[in-house]
């Protein structure tokens, strides 16, 4: 406790409530309110309605939800496999190579997502690899952008793992594949689930690269929210944003429960 | 125990595992580094493979590029400063003047990392836009003819939105650093009569410096790359480098110009990434 006087503490708590309210609470509350607003001409909406939700669900929004969920799931699954693979096999390299490759696997997270999209357009717009205009290029863009985060999470998990278990397994005669499947991966499981959850959330909200490469039939949620608000339909945009937030939070909470059960806490 | 370790080392060396790195590395090379190399190629060479210095020179001296560069740097530096101040104030209160439910609030702020960045901009339109709650309220209360608050569609609107979105990236390492500060030291200082402000300056801040530097350089990197917030604000005057790349490539189909700007943006980002890695590695955050 840093401030002992009660008035002093109350002043600081009020300051906290003000900053937290203005920056974090108000945006979420107002998105929720506007997604339910009937008409909004005064300070508060004139009435509440679920019309925007039924509108977006009846329209093409369901396709966006589907596109986002499928893209997020496939890109995260691929990123999980390749990130875990990279983190595990990096341990077998010499010191210098380990540092260099570790850095290279992180770089996609540092490059602006718009440039990742531009690069994919430039690289895959002609044969032999003609992917421009396909769903695959959206998946690839998401995979590239989230792969660094999965790699980072899994590497951090590996670094925290005590080497004793693997050494004991090895000294008891376990072959590398058996050791990987029955010792290392189960110990890593909580980190893998966390990495998958973060990847999925990042993919659901990804806009920069997607807006560069998406084909007409595969409009993800953020792109669809942007085109709605750009057309001036901001209430529908807010409703769709709430769907995106809810989907992301449900997913993260679900994965957290799985992790809690796996670690037995 | 030391014998067991000594025996294990050659056993690990004998494993033929070195080549396992090839598949993920090849995937990264094909899907990320190859497209990146093509951006650089398209930026520096024209269709016939000759270096086109004139075009590069023209783009780098153009008004739209310089404006975007200045906007990008101004916005990211201002937003990072804002994140550092807001993050520090929130972290100090959460860690040293805790209230019932402060742990839950800290976790709630953390989940903002997982939400899309443009959400905040969209919310700000309802809050501070020309027909938003604040303006309508002020116009009704003081019967004003015009909306009095008009910062949203300027650089300040982008900065405020970025402060909201990126403060959790400062808060997280700061709270971790604060949890290691010796409470006894603070109590001793306060028993000896030191004012809270002095304790913060002399005891707490030195412990927070590594987290502030690492978090700050990460914020600089993320704000330089930010796209969604600027796109959703949609102000004509606020064009940053990522937005300019999108505009040139998608709206004008000027791929070469887009590639030249992308090279500059990527170089800037990689420089900041280097700074972040150096700071994080050096300071052990």
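Even glycines carry a Cβ here, placed using N, Cα and C.
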Statement: Candidate ranges A:42-63, A:130-151; TrEMBL annotation transmembrane segment resolves to A:130-151
Message: Tell me if the transmembrane segment (A:67-88) touches the transmembrane segment (A:130-151). I count contact as 3 or more CB pairs below 8 A, with pairs 6 or more residues apart.
response: yes
Statement: Same-chain residues at least 6 beyond the ends of the transmembrane segment (A:12-37) with a Cβ under 8 Å from one of its Cβ atoms are 3, 44-50, 52-53, 234-235, 238-239, 241-242, 245
